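According to Swiss-Prot:
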- 1-24: transit peptide (TRANSIT)
- THR27: phosphothreonine (MOD_RES)
- LYS51: N6-succinyllysine (MOD_RES)
- LYS51: N6-acetyllysine (MOD_RES)
- LYS72: N6-acetyllysine (MOD_RES)
- LYS129: N6-succinyllysine (MOD_RES)
- LYS129: N6-acetyllysine (MOD_RES)
- 152-161, 185-187, ARG297, GLN308, 365-369, 394-396: FAD binding site (BINDING)
- SER161, ASP269, THR270, GLY271, ARG272, GLY393: substrate binding site (BINDING)
- LYS208: N6-acetyllysine (MOD_RES)
- LYS262: N6-succinyllysine (MOD_RES)
- LYS262: N6-acetyllysine (MOD_RES)
- LYS306: N6-succinyllysine (MOD_RES)
- LYS306: N6-acetyllysine (MOD_RES)
- GLU392: active site, proton acceptor (ACT_SITE)
Amino acid sequence: MAATLLARACGLVRGAPWPWGWRRLHTVYQSVELPETHQMLRQTCRDFAEKELFPIAAQVDKEHRFPAAQVKKMGELGLMAMNVPEELSGAGLDYLAYSIAMEEISRGCASTGVIMSVNNSLYLGPILKFGTKEQKQQWVAPFTSGDKIGCFALSEPGNGSDAGAAATTARADGDSWVLSGTKAWITNAWEASAVVVFASTDRSLHNKGISAFLVPMPTPGLTLGKKEDKLGIRASSTANLIFEDRRIPKDSLLGEPGLGFKIAMQTLDTGRIGIASQALGIAQAALDCAVTYAENRSAFGAPLTKLQAIQFKLADMALALESARLLTWRAAMLKDNKKPFTKEAAMAKLAASEAATAITHQAMQILGGMGYVKEMPAERHYRDARITEIYEGTSEIQRLVVAGHLLKSYRS
């Protein structure tokens, strides 16, 4: 699969550039020399996003429509299982490759980016790390092709950031576990064929009593809530999962009883690299849009790009974007080298998400009234960016993580 993915780098045909929103990148990646394989991957993903995602992004956003055909094609390219070993039908690539691909896909369509991110890092990731050989065959291999996707159920209506306070319970009963409770804000909920769900097996132990389970979808005893009508990433479904005495086999347990909180936290570390990369893609798309518009729009007898006020905005946007990209790549490379990366992933996610929010804001400002209408992609980028500061750990949580590691390093 990895060989197929990289071979196609030279096979996709470039489309014509679009007038508002897609600019060829010439210097953005020159700050770090990427390996040739990663450069090929980047070009493959960029061409795919240009050809398959950018043209449909506005429509799927408007219709709240899951991009099923595009996700299937991404599966064929290996993008839905990038870090899965080839023996399990994955691409067998590293996390730097995953970050690069996530940015390019999200640059074309942020909704498609988060669909890809959840399947790769939140669903497949914990099963690869903590699952048995049998679980990997059952729950990983069928989810690599784009035909099936998974989701991740940690948050609840009464808790989001406090993951250890799960009200959902899993009760042992003979050869089964019985799940009861409601999970909230579940990305991919309506399209998913399986979920990694976290529930309390011993409430007296708080986070040490949380366990993780693998559950097929749809299934009796599991009801989907309504699709949330969201501000952004509207082509990706978000809904509650309601478990009503859902009975699952004992071998549905992922890892050991009480290991769920550790599984969740380690999974979110990797997920934050994915969301940081999604934010980079949104920010890059907004910068593309702003520069294209400013070069073609005249004021006071000259293009907007001749105005110092606009140049200052563009400089600040580029600075924030490239700084966040380097932090994100650093976190990915630390993970690839099996070094601690929790702090760096939090820094990357914080920097990239806040950069995306700021850059999309300034892009709208540069476009003026044209940035406020749906004929231009700037308003969609603005809407899509906001969630990156909330899901997979709010900006406030990221600051707590960074500060905790910083203070610990000074005290040691």
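Every residue, even glycine, has its Cβ placed from backbone N, Cα and C.
Locations of recorded Swiss-Prot features on the structure.
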residue: LYS72; record: N6-acetyllysine; contacts (Cβ under 8 Å, 6+ apart): SER145, GLY146, ASP147
residue: PHE152; record: FAD binding site; contacts (Cβ under 8 Å, 6+ apart): VAL118, LEU122, TYR123, PRO126, ILE186, THR187, VAL195, VAL196, THR267, GLY271
residue: GLY158; record: FAD binding site; contacts (Cβ under 8 Å, 6+ apart): ALA165, ALA167
residue: LYS262; record: N6-succinyllysine; contacts (Cβ under 8 Å, 6+ apart): GLY255
residue: THR270; record: substrate binding site; contacts (Cβ under 8 Å, 6+ apart): TYR95, SER121, GLY125, LYS335, ALA345
residue: ARG272; record: substrate binding site; contacts (Cβ under 8 Å, 6+ apart): ALA331, ALA345, ALA346, ALA348, LYS349, GLU392, GLY393, GLN398
residue: LYS306; record: N6-succinyllysine; contacts (Cβ under 8 Å, 6+ apart): none
residue: SER395; record: FAD binding site; contacts (Cβ under 8 Å, 6+ apart): LEU350, SER353, GLU354, GLU389
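Of all the binding-site residues listed (SER155, THR187, GLN365), THR187 sits in the most crowded Cβ setting, with the most other Cβ atoms within 10 Å.
In this structure the C-alpha atoms belonging to GLN365 (FAD binding site) and LYS51 (N6-succinyllysine) are separated by 28 Å.
ASP269 (substrate binding site) has LYS129 as its nearest neighbour among the recorded positions LYS51, LYS129, LYS208, GLY368, going by CA to CA distance.
ARG272 (substrate binding site) carries a helical DSSP state (H, G or I). Under the DSSP three-state reduction, PHE152 (FAD binding site) is assigned to strand. In the three-state DSSP classification, GLN365 (FAD binding site) falls within a helix. Here the candidates are the modified residues LYS51, LYS129, LYS208, and by Cα distance the one nearest GLY368 (FAD binding site) turns out to be LYS51. Residues near LYS129 (N6-succinyllysine) in space but far in sequence (CB under 8 A, at least 6 apart, same chain), listed by position: ILE263, GLN266, THR267. Looking at LYS208 (N6-acetyllysine) and SER155 (FAD binding site), their Cα atoms lie 17 Å from each other. Each of the binding-site residues GLY271, GLY368, GLY393 was scored by the other Cβ atoms within 10 Å of its Cβ; the lowest score goes to GLY368. A straight line from the CA of SER155 (FAD binding site) to the CA of LYS51 (N6-succinyllysine) spans 35 Å.
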